[in-house]
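A.B. asks: The following feature annotations were taken from Swiss-Prot:
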ACT_SITE  13  active site, nucleophile
BINDING   13, 15, 193  Mg(2+) binding site
């Protein structure tokens, strides 16, 4: 693993990498849709929409819900569009506001660390490697979630979706982290679970680790060709020359 020998810092994606946030996100999405009298989506579908930030999540949810409702109305012999519908752009604006309200209530209770995350972060931190977090999640939700999961203490730099002009898969947030840590891009390892993460790493010139257990729009992450592909989070430790315990966090915190 020659590329890993040059690593002097590590940055992580959040949703689908460190945290199983699907329950909380699904609750917020479905409550927002229900409030607008639209069909609810369910977790299996919402998982395929995660990864590009809240605006895109809401666009995907609304597009699906309107199509689903049109199909249901057609099956009942009704016009696909209700004359009383508000314009779609206004509906999207309201949906996003509703989502923010519901997610503020559901984020912490509906989010869980994936197996081995806390112990692995602790081991990397103890080695002296600077750790960073890069997420497309709206910035106001990030710090409270990290605090609730007791992992905020591990990160030197945290970049949320509102902290940059261009979110992943653009390289801007990764290059910003490298700058803040005084590292060359090739010295920063980026760990994520989606093609957005791998594309961002490639564009920034960073080494990448892809994790197979996360949210990747229903497609195999191997198709994105990360530098390394792991099935478990704690595989990072032996890859970086650190001890790996088989008993580390075999269940959610």
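From the backbone N, Cα and C atoms, a Cβ is placed for every residue, glycine too.
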A.B. asks: Under a three-state reading of DSSP, tell me whether residue 15 (Mg(2+) binding site) is helix, strand or coil.
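C.D. replies: Assignment for residue 15 (Mg(2+) binding site) reads strand.
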A.B. asks: Measuring Cα to Cα, tell me the gap between the residue listed as 'active site, nucleophile' and residue 193 (Mg(2+) binding site) in whole angstrom.
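C.D. replies: Their Cα atoms are separated by 8 Å.
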A.B. asks: Taking the centroid of the Cβ atoms of 13, 15, 193 (Mg(2+) site), which other same-chain residues have Cβ within 8 Å of it?
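C.D. replies: What remains near the Cβ centre is 12, 14, 16, 17, 18, 19, 50, 51, 135, 192, 194, 197, 211, 214, 215.
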A.B. asks: In sequence order, which same-chain residues at least six apart have a C-beta under 8 angstroms from residue 15 (Mg(2+) binding site)?
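C.D. replies: 21, 25, 50, 51, 135, 137, 214, 215 - these are the non-local Cβ neighbours of residue 15 (Mg(2+) binding site), listed in sequence order.
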A.B. asks: Look up residue 193 (Mg(2+) binding site) in the DSSP assignment and report helix, strand or coil.
C.D. replies: coil
A.B. asks: Which ones in the same chain are close to residue 193 (Mg(2+) binding site), with CB under 8 Å and 6+ residues apart in sequence?
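C.D. replies: When sequence neighbours closer than 6 are ignored, residue 193 (Mg(2+) binding site) has 13, 16, 17, 210, 211, 212, 213, 214, 215, 216, 221 within Cβ distance under 8 Å.
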A.B. asks: Provide the number of Cβ atoms within 10 Å of the Cβ of residue 13 (active site, nucleophile), excluding the reference atom itself.
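C.D. replies: There are 27 such Cβ atoms around residue 13 (active site, nucleophile).
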